[in-house]
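According to Swiss-Prot, the protein has these features:
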ACT_SITE  D86  active site, proton acceptor
BINDING   D86, G87, R91, N160, E161, D190, T201, A202, Y203, A204, F205, S206  NAD(+) binding site
Amino acid sequence: MTPAERTVLMVVHTGREEATETARRVQKVLGDNGIALRVLSAEAVDRGPLHLAPDDMRAMGVEIEVVDADPLAARGCELVLVLGGDGTFLRAAELARNADIPVLGVNLGRIGFLAEAEAEAIDKVLEHVVARDYRVENRMTLDVVVRHQGTVSDHGWALNEVSLEKGPRLGVLGVVVEIDGRPVSAFGCDGVLVSTPTGSTAYAFSAGGPVLWPDLEAILVVPNNAHALFGRPMVTSPAATIAIEIEADGHDALVFCDGRREMLIPAGSRIEVKRCDTAVKWARLDSAPFTDRLVRKFRLPVTGWRGN
């Protein structure tokens, strides 16, 4: 079998009922069009629940490669195709970002705000993939650095949000929020979220933050259950640096990047968040306005709208 000139990495939420059927459809259509498929080892038949049967596919002339889910799993691919919900998309976005390629989501979840299409439209999605008929948007990401006792103790990045949270079963977390080197407010809270416009419809929204349109360049700061008169969300410049200092005599805390990558934050630490130089490349098929997506995904009532 001649090696394919094109390869797509498929990342799948194997806990979804329709995952196997949809994945097999992807496998067949890409194979019929001479595009090799790469899958993660945890999702392959011999080591995972997806039952993709790589050996059977190879025997039928379909090129499929099984790789470990390391940070460079998407290197050499042209696209990361996601079958799952927003959690699966965020997991796949990390692989796409590391390889500097686009990520395209097909929703198998409940809301799937980050997905471009639903599972029933998989054939149409694959037509676009085969023809490379999609546009690519650069979505802003955040860089986070943790400093403790004057030295960098940890660092990370996020597409949706950086979430500082108090530890389990601990009391109120005492923090001071600083923007561009100037203190804004000190308060007790359950945590503080720093979000991109992309993440404004996720955890930050649940914590009371506003929805930011994705073409707006800004950073959103949302105190979570703040014990303060001034505990309101703030929208800052995309060039701003947001710092959150934890009381030295207070509790340890945790930072989660996109709800996945976790950092332990000792009391007295300082968390600095700013715009990251490296964006996530987002493959777009849907030309509808963001307003329509918002209404559709959140099932917002629009009865009575008269228009022009």
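Heads up, the Cβ atoms here are built off N, Cα and C, so glycines get one too.
Swiss-Prot feature annotations superimposed on the structure.
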residue: D86; record: active site, proton acceptor; DSSP (3 states): helix
residue: R91; record: NAD(+) binding site; DSSP (3 states): helix
residue: E161; record: NAD(+) binding site; DSSP (3 states): strand
residue: T201; record: NAD(+) binding site; DSSP (3 states): helix
Please determine which of the recorded positions listed here (D86, E161) has the lowest count of neighbouring CB atoms within 10 Å.
D86
Please report the number of other Cβ atoms within 10 Å of the Cβ of F205 (NAD(+) binding site).
20
NAD(+) binding residues D86, G87, R91, N160, E161, D190, T201, A202, Y203, A204, F205, S206: largest Cα-Cα distance, in Å and rounded to whole number:
25
Roughly how many angstrom lie between the C-alpha atoms of Y203 (NAD(+) binding site) and D86 (active site, proton acceptor)?
12
Give the number of CB atoms, excluding that of T201 (NAD(+) binding site) itself, located within 10 Å of its CB.
25
I need the CA-to-CA distance for T201 (NAD(+) binding site) versus D86 (active site, proton acceptor), whole Å please.
11
Residue pair F205 (NAD(+) binding site), D86 (active site, proton acceptor) - Cα distance, angstrom, rounded:
15
